[in-house]
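Participant: One structure follows; several queries about it will come next.
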Amino acid sequence: MGKIIDGKKIASEIRNELKEEVKKFTEEGRPPGLSVVLVGDDPASRTYVRMKEKVAKEIGIYSKVDYLSRQTTQDELLDIVDKLNNDEKIDGILVQLPLPDHIDEKAVIEAISPFKDVDGFHPINTGKLFSGMTGQRFEACTPLGIIELLDREGIEIDGKKAVVVGRSNIVGKPVAHLLLERHATVTVCHSHTADLGIETRQADILVVAAGRPKLVKGEMVKEGAAVIDVGTNRVDGHLVGDVDFEAARQRAGYITPVPGGVGPMTIAMLMKNTVKARKYHGV
């Protein structure tokens, strides 16, 4: 029976650590600043934005939210991003995705200063990750949170076989590269993988981010593996992951629940990136 990795508890520990760092910055002159921009009135997006605002306030980060109507044009949004790029009180900028169809997401992401891109989506930041450049870069929050979970549970990455199910630019690809940086042997699986079970049964670390409820069954998990379930799917009014939790837990050494596993870590890493951005700006 695998140990359940408590993402809520670990995220809370990280927030408490960040509070101390934020306190020092505040005493030195100003707290880290985070600006979130929401276009439209998508209920899920509004919920995420409120959660981010609440956590920022709890930690002591200066938080600014722009609620824009769905009719906001791309040029108007780009103008707001430009102003935020030049606002010295703002260290991190996050434009909540998805955006309305008439706005080009790539253009907006590229307009954010890479030094304020706390979501880690700017091509310069992803390019630094994919080319193995360290130093001043931001990693996407969910992949960063996955690595943090593994580290804080004392799960060895170096030399282990890691399998990532899913190849999105938001989770699959960046987490694969972060695992590679830590010297794991990494396989990325996707919708064209011939036999998913053959691949997953080899994994010491199994990260599942496919967006398909209970895609990974219990028999597809290696005995003693660490299973990180990134999926959030609503089925019959309940949130379920991409892994059949109860069946997989019988074989796994560690497993994240849904909800309460990876989710809380994503917001914690956003705050960590904002504090990191404040360090970069240094004023």
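Every residue gets a Cβ built from N, Cα and C, even glycine.
It should be emphasised that the depicted structure is a prediction, and the values quoted were computed from it without experimental measurement.
What Swiss-Prot shows for this protein is this:
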BINDING   Gly166, Arg167, Ser168, Ser191, Thr232  NADP(+) binding site
Participant: State the count of C-beta atoms found within 10 angstroms of the C-beta of Thr232 (NADP(+) binding site), not counting that atom itself.
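Facilitator: Total other Cβ atoms inside 10 Å, all chains included: 16.
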Participant: Pairwise over Gly166, Arg167, Ser168, Ser191, Thr232, annotated as binding NADP(+), what's the top Cα to Cα distance to the nearest Å?
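Facilitator: Taking every pair of listed residues, the largest Cα separation comes to 18 Å.
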Participant: Which chain-mates of Arg167 (NADP(+) binding site) that are at least 6 residues away have a CB under 8 A from its CB, listed by sequence?
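Facilitator: Looking at Cβ-Cβ distances below 8 Å from Arg167 (NADP(+) binding site), excluding near sequence neighbours, one finds Lys173, Val188, His190.
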Participant: Using other CB atoms within 10 angstroms as the count, which residue among the binding-site residues Ser168, Ser191 scores least?
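Facilitator: Relative to the other binding-site residues in Ser168, Ser191, Ser191 has the fewest Cβ atoms within 10 Å.
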Participant: What residues, ordered by sequence, lie under 8 A Cβ-to-Cβ from Gly166 (NADP(+) binding site) and sit at least six positions away in the same chain?
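Facilitator: Spatial neighbours, sequence-distant, of Gly166 (NADP(+) binding site): Gly172, Val188, Cys189, His190, Val207, Val208, Ala209, Ala210, Gly211, Val230, Asp242.
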